[in-house]
Structures are given as structure tokens and as C-alpha cells.
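Chemist: Once you've had a glance at the structure underneath, I'll fire off some questions.
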Amino acid sequence: MTPAAERRPLLPFGYARAHSVMLLSSGESCEVFCLAVTAPQALLEARRVAAMPFRLERLEEEAFEKLLVLSYQRDSAEARRMMADIGNELDLYTLAEELPDTDDLLDSEDDAPIIRLINAMLTEAIKEKASDIHIETYERHLQIRFRVDGVLREILRPQRRLAALLISRIKVMASLDIAEKRIPQDGRMALRIGGRAVDVRVSTLPSSYGERVVLRLLDKNSVNLDLLTLGMTPALLRQVDGLIARPHGIVLVTGPTGSGKSTTLYAALSRLDARERNIMTIEDPIEYELEGIGQTQVNAKVDMTFARGLRAILRQDPDVVLVGEIRDGETAQIAVQASLTGHLVLSTLHTNSALGAISRLQDMGVEPFLLSTSLLAVMSQRLVRRLCPHCRQQEPANADTAHQMEIAPGTALWQPRGCAECGFTGYRGRTGIHELLLVDDRVRMAIHRGENEVTLIQQLGTDYMTLRRAGREKALAGITSWQEVLRVTEQPIAEAC
């Protein structure tokens, strides 16, 4: 028998899976694999496509599934070529309306309709500047949603029976196991959409009515690594420049997933002169490639963890080290030791506030006296939607809003309205709001004494720029709305007590 690696499937994946029949060609000969329940009509179709004598073999269901996975994952090159450079001429909504019934798709001679639908979906997502595509399977419908400017909105509801075929094709493209539906899977693919280089991270998750898929889009052409245009004020930028010029210590950026932490760190690195410093990173994954910087990716399959990668980097004579995320006590301990031995360490933490990073590191086992010595600053950030400049309108602040913002009632505030330019959302694009905790002598002594967040923020006083106060400044400037600031920030601890 010819090895599976040398055989090419001749039937479209959808047909092979639906009818439990595979036709594999090695060039000079063909083999047909089926199940005991395979219909005679499917075998006749295989014979028609083969157009030559072939060997027929019936397999058990488990063996058939394994061969199906192996054969069509190796054949994904053709689909990759079809998606290698997606043009701009595809219209998602027209394609969805013109898509034939699912049964016709399964019986079609190629998988082009499904691939075209996926192409159109990706093209539309890039056009809308979406960060994520959600493909969600429910009992009676299939739903596709885009996350645009941090908010999900429904885009399309294709036929419910299309779910399995659509998700299976995405799995093939991401080199995932198409037969495995019981466990989550993660993969990625690199595409060109309208001439733009786009990395797509794929995550699947079993649910009660079928699999859910989330595609995270990383559009390398749209990356802005300018801290000013990312929303920093000139005064804050001067403080950040001073921090990254320090020879050693730890600088942390905190916030939830999708708040722009990695982009901020990349932008900070881009302000350093890589010709005079050895700058190295350990990331999961490498999101953007920076010239002159040594970037290493975490690989759990070979036990290449953040901690292990960081240890190796420290033997490479680095000046500046970026650790994608401090996830555990081991990584935290190594980062602290690195900062105490002459290295500048930049990293991220998942905490809700800058002050929360201190207690999080202590919970990970970092001793207060080491933390107070090594930590230079913590910056917490959020992304807020920008008001659409074409339709925003001014309204006087009511009493509740004025009280929350500590302004006079009736003060004019800009509000979202909605127009064709912003998709009738009232917002277009996003900007950052930032809270920077500089570890000065006062904060250093408080950390050393083990004081909690409430005590710390009370000591910092009203001059301390919390996230909500930073958002207030942007709302007063008409950059965003106060409702948007409330959506992404929490009430400062001192005010909540």
C-alpha cells in the first residue's frame, strides 16, 4: 500500500465526510476506502472520478476517521493557495445569499463555495477592522459575530446545517484534527487579504449544540506602534521614556485580554535603539516582528515555557527583556532576579488595576522586600471607543453624570449619535486610557510594609490619575463618552469604601 503521505484525495472533503468514502490517488493507481454503511451511489461516484481501476477497502469507523484526518490535512495546501491572497472583490452577504443548500454543497464537485464564504468573511472582518470572528452553533441557528472596537455585533446567520462543514474547513486550514470534536483545539494560519499580511489564531471549543470557533485576527499592516497615537498624553509619554531608559528594574503593563497591553510594550520597545542594546523577548505567540530584536516563542509541546525561555535568554547577555506575560510564581521569581542583576524587564499581568499588580505578585510568592526593590512602575490600561467625528453631538450633563464626573451640572459633553460613517454605532476606532503607578520612596515603603490596595490608594491621594480619572479627561475633551469610560473602568477602591 502507498504511504498516506504520498496519496492525494480526489473527492472534496465535504463529500468524503458526508458519504463516508475516500478516493486517494498516488498518480498511477487509486484506492477507495469506505465503511460498511457507505451507499453504493457514493462508490459509483468514486469510480466516475477515478476513471481507472482501483482497489476497494472497507475500514472500521475509527480507522476511517484517522485516515480522513491524515489525508485531508495533508491536502490542505490547495485550500491554503485559494486563501493565500484573498482579494477585495468578495461580498460576504451576497455570497451567503447565493450559497446553495447544504446538501448541494456536500454533493458538489469541490469545496470552493465554502472556501469563498470563509474568504468573504475574513475580507469583511478586515474591512470592518474586527479583532475577532465568532462562529457560534446553537440548537436552531448558526451565528457569525464580529468584535469591532471591543464590542461584539451580529453579522450573519447562515444555514444551521452549514456549521459542521464551515468549521471543518477552518480546522483543515489551521491544521487541526477535523475528527476531534470532544476537546478544545488551538491553531493558526497566515494569510494575505487584499495584499495585507494577516495572522489568524483559531480556537475551537465543544458546546452542547456543536463546536464554537473564534478567529483572532492580527492585521500586521494596521499595527500602530506610536505611543502618542495609542492614546498617551505627552506628559505620560515622557514618564514612559524615562522608565524604559533605566538600566534595570521591572515595568509592568496590566489589564484584561484585548486591552492593548502587548501593543503598548511593542511600541515601547520600538522607541529603544536596538543597535546599542541587546533586546530579547519571550512571547506566546510572537504577534509582531520587530527589526533588530531577538524574539522567541513559547512552545508547550516541547516544554518551552516562559520560565524556561526567560532563563535561557538571561544567558544571552541581554540588556532589555520582554516577557509576554507573568503567569506563574516561577516566572515572577526569575523576572525579579533578572531585574536585580542589571536587566530591564518589561512584562504584562492580568489585573484590574495598577495597584492590583503588587498583591498579585506577592500572591505568586515574590517577597515584599524584593518587590519593593525591583519594581519601577505599573501601568494599567483600557481601550475606549472614540466618538465618531462625523456625528457626535453635545448635550448638557445631567445631575447624576455631573456628580460622577465631579463637574458642574449642565456642562456640555459629547455623546454618540450614529451615522453611515460609523455603522450607526456612534463610535469609530479606539484609544487608550492609562493609569501609571510610579514606585517612588513612598510606594516602596508601603510595599515593604505589606500594605493593602485601599491603604496605598488613600496615601496616593486625589492627584493620583486612576483609570476612571484618565477616562474623565478624555470624555471632557470629546474624544470618548462618559458611558464608554464607565463601561471599561471600575470605581476606584478608595471611593468605593
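Just so you know, glycine gets a Cβ as well, placed from its N, Cα and C.
What Swiss-Prot lists as ATP binding site is GLY255, PRO256, THR257, GLY258, SER259, GLY260, LYS261, SER262. The feature Zn(2+) binding site is assigned by Swiss-Prot to CYS388, CYS391, CYS419, CYS422, with similarity to another entry given as support.
I'm curious about the neighbourhood of these features; can you describe it?
Modeler: Counting only same-chain residues six or more apart in sequence, the Cβ atoms lying under 8 angstroms from the Cβ of GLY255 (ATP binding site) belong to LYS261, THR348, HIS350, THR351, SER380, GLN381, ARG382. According to its DSSP assignment, GLY255 (ATP binding site) is coil.
Taking the Cβ of CYS388 (Zn(2+) binding site) as centre and 10 Å as the limit, one finds 20 other Cβ atoms among all the protein chains shown.
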Chemist: On a count of neighbouring CB atoms within 10 A, which of the binding-site residues CYS391, CYS419 is highest?
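Modeler: Per the Cβ count, the most surrounded site is CYS391.
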Chemist: Would you find the one among the binding-site residues THR257, SER259, SER262 whose Cβ has the most company, meaning other Cβ atoms within 10 Å?
Modeler: SER259
Chemist: Would you mind pulling the DSSP three-state label for CYS422 (Zn(2+) binding site)?
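Modeler: In the DSSP reduction, CYS422 (Zn(2+) binding site) maps to helix.
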Chemist: DSSP three-state call for GLY260 (ATP binding site): helix, strand or coil?
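Modeler: DSSP assigns GLY260 (ATP binding site) to coil.
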Chemist: Of all the binding-site residues given, GLY258, LYS261, which residue's CB has the most CB neighbours within 10 A?
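Modeler: The largest 10 Å Cβ neighbour count belongs to LYS261.
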Chemist: For GLY260 (ATP binding site), which residues of its chain lie six or more apart in sequence with Cβ-Cβ distance below 8 Å?
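Modeler: Those within reach of GLY260 (ATP binding site), by Cβ under 8 Å and sequence separation of 6 or more, are LEU230, GLN381, LEU383, GLY432.
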